[in-house]
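Asks: Take a look at this one; I'll ask things after.
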């Protein structure tokens, strides 16, 4: 679809959350189609996880975003979907790949939202494809478990925080989940949640830099529990790490169910977003150093630095490998 002004920021770049929402919609369509391709109980595919996603190039107002999806692996109860996004300048015909994403879905019964159904298997061109997919499945399953176990932090407001501290830029957004946010089963679309998360992360980044900012990448997004219609969700974001030209922001979503099944607040989604600061000409700008004050902030900074160095090393290895081919 064509990108319009309400899809973009003040600089004319399309919000990362808008692209993430389109990616999730494509994944939901193809995985739901596949899971209903054989006779059996009807179902809807629910998003469980999004692997690391890099924003390779910005999409601008007036360009057309083409989103394509392909199922690359199926386990007994989950579907792996690869999604590519290509932007097209319809005035010049120029095209470029802007995003590549991997998503995991599980099929939930239309009759019972808590019942996970079996997934029809796909045919692989080579045995190696199945083996590689199984390896990715086991890795993401383990990471989801580890992420859920370390979730428990909450963000509290601080009076008169100092500039460039974690407290200064931290932000929260409260949203009442309505029917337009939900699937046929009455729980929130993954794409809606990711769009809100990107919005909060963008506010944190803009507060820290006071410049135009864009989404550079999103680390794995883990959907721990479903969010039902009628819930009030709190999307919270805080700065965890800064390098010379990038910012890592932790974002998590907590849900307070009030309708149907009242229960205590729970952590529903968590992820790390990376942003960069840009000048009016679109050139990268230096990022102010994050000032850490507490031991927890210092620990999170070092953990973020580890993720940053790991990603940097992986990117350099890929560039070297490409150069040798």
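Sequential numbering from 1, following the chain as shown.
Placed from the backbone N, Cα and C atoms, the Cβ positions cover glycine too.
From TrEMBL, here are the annotated features:
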| type | residues | note |
| --- | --- | --- |
| ACT_SITE | 9 | active site |
| ACT_SITE | 198 | active site |
| COMPBIAS | 296-306 | compositional bias 'Basic and acidic residues' |
| COMPBIAS | 316-325 | compositional bias 'Low complexity' |
| DOMAIN | 1-111 | domain 'HotDog ACOT-type' |
| DOMAIN | 167-281 | domain 'HotDog ACOT-type' |
| REGION | 294-325 | region 'Disordered' |
Asks: Just to be sure I understand, if DSSP states are collapsed into helix, strand and coil, how many residues of the compositional bias 'Low complexity' (316-325) fall in each?
Replies: 9 helix, 0 strand, 1 coil
Asks: Just counting, how many other CB atoms are there within 10 A of the CB of residue 9 (active site)?
Replies: 18
Asks: Take every residue in the domain 'HotDog ACOT-type' (167-281), average their pLDDT values, and give the whole-number result.
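Replies: 92, rounded to a whole number.
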Asks: Quick one: pull the CA-CA distance for residue 9 (active site) versus residue 198 (active site), whole Å only.
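Replies: So the Cα of residue 198 (active site) lies 12 Å away from that of residue 9 (active site).
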Asks: As a test of the contact definition, list every same-chain residue at least 6 positions from residue 198 (active site) whose Cβ is closer than 8 Å to its Cβ.
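Replies: Listed in sequence order: 15, 16, 17, 20, 215, 218, 273.
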